[in-house]
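As structure tokens, the structure follows; a few thoughts come after it.
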Amino acid sequence: MTTEAAPNLLVLTRHGESEWNKLNLFTGWKDPALSETGIKEAKLGGERLKSRGYKFDIAFTSALQRAQKTCQIILEEVGEPNLETIKSEKLNERYYGDLQGLNKDDARKKWGAEQVQIWRRSYDIAPPNGESLKDTAERVLPYYKSTIVPHILKGEKVLIAAHGNSLRALIMDLEGLTGDQIVKRELATGVPIVYHLDKDGKYVSKELIDN
């Protein structure tokens, strides 16, 4: 749990699989529900946190139902179904612009596999009318620092249930990674990551809760 060197706790979790993940669609700010698998993933993540004794003082999630439902399921599993939960579009997934709602294979046919891969896995190149990961970070990080960090520094145990790219932005900041490093980081659906932070909210260690 917490130690003298790392008194503060932050848990990040990507939402469970959504119906659109299952269909291989670009989702972005579209709002599909969790799939049956996604509900099970969120429940399992919550069970694993409970088995390790984790509790929270406040939770944050996005304005999208797949993250909100994941957050709710986790809190139910750890025995805190009524915990204060703050929802903000600042934690939304990267906005995929013209790619949203398209099957990834269809997008590759339209623009070419290499171009689609550049949009997906470069730090500062955005798809048409969408956000790059850099743009996403510029939305997520000011909110994290102004709104979430004060709770961490008060010693509150914080849960954030969000999305692959909004969480990549946070992880890049927490771990001091470069843009090139963070675009290679894969985040499994529904698997919590526990960050142990020092008194100033800086990264000390982490634990992947995947078993």
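Keep in mind that glycine also has a Cβ here, set from the backbone N, Cα and C atoms.
Taken from Swiss-Prot, the feature active site, tele-phosphohistidine intermediate covers His15. Positions annotated as active site, proton donor/acceptor by Swiss-Prot: Glu93. According to Swiss-Prot, the substrate binding site annotation covers 14-21, 27-28, Arg66, 93-96, Lys104, 120-121, 164-165. If you look up Swiss-Prot, you'll see Thr37 marked as phosphothreonine, on the strength of experimental evidence. Under the heading phosphoserine, Swiss-Prot lists Ser62, Ser166. According to Swiss-Prot, the feature phosphotyrosine maps to Tyr96, an assignment based on experimental evidence. Here Swiss-Prot flags His163 as site 'Transition state stabilizer'.
Note: Trp20 (substrate binding site) has non-local neighbours Thr27, Lys30, Pro32, i.e. same-chain residues 6+ apart with C-beta under 8 A of its own C-beta. Taking CA atoms as the reference points, His15 (active site, tele-phosphohistidine intermediate) and Thr37 (phosphothreonine) are 11 Å apart.
Recorded residues Ser62 (phosphoserine) and Gly28 (substrate binding site) have their alpha carbons 12 Å apart, per Cα-Cα distance. Packing around Ser166 (phosphoserine) is summarised by its Cβ count: 28 other Cβ atoms lie within 10 angstroms of its Cβ, all protein chains included. Least crowded of the modified residues (Thr37, Ser62), judged by neighbouring Cβ atoms within 10 Å of its own Cβ: Thr37. The separation of His163 (site 'Transition state stabilizer') from the residue listed as 'phosphotyrosine', Cα to Cα, is 13 Å. In this view, Arg94 (substrate binding site) is surrounded by 27 other Cβ atoms within 10 Å of its Cβ, with every protein chain counted. Taking the recorded positions Glu17, Glu93 in turn and counting surrounding C-beta atoms within 10 angstroms, the largest count is reached at Glu93.
Each residue contributes its Cα atom, and for Gly164 (substrate binding site) and Thr37 (phosphothreonine) these two points are 17 Å apart. Considering only the recorded positions Thr37, Glu93, His163, Ser166, the residue whose Cα is spatially closest to the Cα of Gly28 (substrate binding site) is Glu93.
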